[in-house]
Structures are given as C-alpha cells and as structure tokens.
Amino acid sequence: MRERVIMHIDMNAFYASVAQHLDPRLRGRAVAVAGDPERRNGIILAKSREAKACGVKTAEAIWQARQKCPGLVVVPPDYAAYKRYSRLARMIYYEYTDLVEPFGLDESWIDLTGSLQLFGGDAMLVANEISGRVKDELGLTVSVGVSWNKVFAKLGSDTDPGDGIVSITRENYRDVAWPMAASEMIYVGPATARKLRAAGYETIGDLAHAGDYFLGRRFGKIGFMLRDFANGIDGSPVRQMDPAKADVDYVVKGIGNGLTAPRDLVCESDVKALVWLLSESVSQRMRESRLRCRTVSVGVRRAGDLSGYSRQTTLRIPTCLTSDVAKLAMGLIEANQPLDEEHAIRAIHVRATNLSSMDDPLQCDIFGDAEEALRAERLDLAIDELRSRFGNRCVHRAVELTDEVMGGLDIKRDNTVHPIGFLR
Amino acid sequence: MKGADGWRKRYVSVTARMDEDGRVRPLSIQWYDGKTYAIDDVRSVRRSSSRKVGGDGICYTIRIGERITQLYYEDPRWFVEEIVPDELVS
C-alpha cells in the first residue's frame, strides 16, 4: 500500500496576524487580540510573535499582559475577518486535494496521498508552494507539518512556530518526535502530562515505550491509543468535508452557550435572567437542528475565587423546550449553592447533550400530559418563527427584563461555533 | 487608512467592464481630486495581499501611461496603494 502523505497546516498566531495584516502599522509590534474589558471579557485571546517574546500568554487578563509588555497594542477581535481568511486559506488547500479537514479556524489537515503526483510528487515542494501562496495571497504565514499520519503531521507543524516546514518520516521520527516533551502531542493535555511525568515519562519516546500494565491502569484504553500515537500508529483518515460549509459539517454532540456576565450575579433574579437567556439560545439552536436533549448541564464560575463547578441531570423524556431546559438548569444551580452576595457568580454555561432527533418517536409518560407538551413545543416553534423573521429580540421573556444590560444581549446571534475534537 | 511609512490605502471609484464570461476588466480610475485616469493595459491578474497598506484581494497590475501600478479588488471595493509625500508623514 502506498504510504499516506498528510500535511497539517497551522496559521501562525492567527488572530494577531490577521490584525497585523489588515493594519500594516501593527506589523513588528507587540499586538494582542483581547475581549472587551467593559463587558469583563478582557482576556488575551491571541498574541503576535512579538508579544509572545515578552511573555504575554493566552487567557491572561489585559492588565497582566500590560505589566509584562508596556507597549502592548490591544485590538478587539474581528470574527468576520477570521472566518474569511480561514475560508480563503482552505480554498487554496482545495486546489491541491479534496481531502481538507479543518480543525478550528486556523488549522487544517490535508491528505495529498492521491494527488501528490499531479504536483510533481515531492511533498516538501508542495508544502513550500502552499506556504508561499498563503503568504503572497493572504499575507499570513503558516507552518506545515508533513508526515504519514495526522498525529505526527500536527506535531511537525507545532514544532516550528515560524513559517517553517517540518517533515516527520518513518526514517526520522525517532530522532525528531521522540525527544519532544510528551505534552507536545495531541491528546496529552496538562492532566495527562502530569500523570505521565509522575511516573517518569517525560518525552514522546518514553511514552512510546510505556508498558501495558502502567498504561492500562493509569489511563485505560486511551493509554494504549496514546502509545500508538507516539509510535506513529494512527490510521484515522482526513475527513472529507463539504467545501461550501466546511466549518459546520460535523455531527453535533452537544449544544451549549456560556457567558461571563457584565457584572457579578448576586441574587436569584440575576441568575435567573442569565440562565433563561442562555437556555433560550441553546433550545432555539436545538430546535433549529431539529434535536431534543435528554441531558442538561450547567457550569458555574464563582466571582470570589474564580473557581467553578459543573453539574448535570438526565431526563426520562427528551425535550427541546426552553422552559424545561431553563428550569432544570436553574434547579441544578439552586441545589448547589445559595444565591446571594456571598456566593456571587461570574459566569454561567448551559449545555444540552445526549441529543436525539425531533423526528424520533417519543415514549409518552402515562401520567404526563402529552398534549400539553406538544402544545408547548408548538408555542416555542412559533416564537422561533417570529424571531427568524423579526430578529432574536422581538419576543422577550419577562425574566430577562429585570436587568437592562443583560436584556440587551443577543446570545444566539453572537454565538460562534468552534469545532474542536480529534476523536469522533 | 494609513499604511506602512510612506503609503496609504486609498479606496477609489473604478469604472469596469464585466465580460460575458464573468471576467472583470477595470477601464479607468477616478481619483479623489476628480481626475480620471484611463487604464491602458492590464498586465496580470492574480490573488495577492498588499504588504504596503494591508488587505488583500484580486490584484490587477495595470499600466496608466508609462506607469505600472497595482489596483486591488477587495470585494466589494477597489483600492490602490497611495504614495504619501514625505512632508505629510507624521
């Protein structure tokens, strides 16, 4: 069988690079893309190479970043531009193969196994060409990893933070990949890396030689998968997506929305307003996809120490009603903490999982009122219809009117889905 | 919008012809002072980004009289890289 040729293309410091590309005065300066401090989302979302050199880190507060890097230029995010450049870059990849699998906005795997011969047969030359074209046509730099599997291809592109090209082959992977820290590999997050380190496994090479007993006991079957990855054993295909809607062609496993409130939530009506707003968006999106959920979960971040927790509950009968989701979410929060100033809440997340199609038959509850449930569903669908015609804010819940700032939010419209997930 | 030193992104009005196969050929540029410059020749058409003023789009390398310059179609607007005289660079 022919050896696969897979590339992982990663657009460097994507958000910050787009900002620098659109405004040349920002080039060569320390730039950070950050949320709005007024709405308390003021954390660093991305930073340019220059800012990174000063030690600015993703997800820290703007004031922390400014301390490290006094000349830091902070710009607001521009998702429309990111989506545009993400799509334009994929359009370039599609000229080389039809197998392009996006991984978030700034990364893609492409499989050139079948088409490489059309472009001369040398993977490094093609990688060079793609990198050059993205630079010329879009003004952005990419790093490319070339390998025979997706895991090492990604490892290769992560190795070089500049616009380099790294090839990991069957001949050199022991020299290139194995000396790297295990945490560099996909699916080795902080927790896994900590467990590995505790047992003396520091590098990918160590992981590649880990024993069955340790892996099985410590990680279960994921452990064996990680060892396979470290040995370059990964047969997962580059999925073919529809180029017209490459971003959305994923199987939906859950629908969720979360928000850091503009101010701390200190009483029941505050919490209720946000929970209903979030539940409304979640349920509306669920109904749009013609889905019902059986599990509702909430995540809460406390204002005091920024610690958080999440809780979930499972229903017997699936639902897509806003009121069901909101009441369950509210119930989960109330059961876990008192709602007062002492236990102020900073952010809430509502998520619906365990999804099933709305077209699946429902098992009715012998003591429930099935007709009433259907009526409620029709009411929600009617409201959805109104909103699709006149905007999300044409029909309000009374609970949302208790707070002016919060009532002005349109969570559904501002929602952007970032698909991330390697195992499916 | 000001670009890198000495350059500025200048959006311009363009008269263009759209051929039956969908190809677009710019014919003339109206400068902000009212002058109209006829485009004598389109040398090349390609996707490109502008390093000087930022942004990207379809880049037409055009000839106006004896000068060769670039005209960008940044869907849905056209721009050129304007030279800013030294005394105006702050």
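Cβ from N, Cα, C; glycine included.
Applying an 8 A CB threshold to same-chain residues 6+ apart, the list for A:GLU107 (active site) reads A:HIS8, A:ILE9, A:ASP10, A:MET11, A:LYS154, A:SER157. Summarising the annotation, TrEMBL assigns active site to A:GLU107.
In the shown protein chains, 23 other C-beta atoms lie within 10 A of the C-beta of A:ASP10 (Mg(2+) binding site). Annotation source TrEMBL lists Mg(2+) binding site at A:ASP10, A:ASP106.
As annotated by TrEMBL, domain 'UmuC' applies to A:6-189.
TrEMBL lists A:TYR15 with the feature site 'Substrate discrimination'. There are 26 other CB atoms within 10 A of the CB of A:TYR15 (site 'Substrate discrimination'), with all protein chains counted.
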Where A:TYR15 (site 'Substrate discrimination') sits in the secondary structure, as DSSP reduces it to three classes:
helix
Chain-internal residues near A:ASP106 (Mg(2+) binding site), provided their CB is under 8 angstroms and they sit 6+ positions away:
A:ASP10, A:MET11, A:PHE14, A:SER86
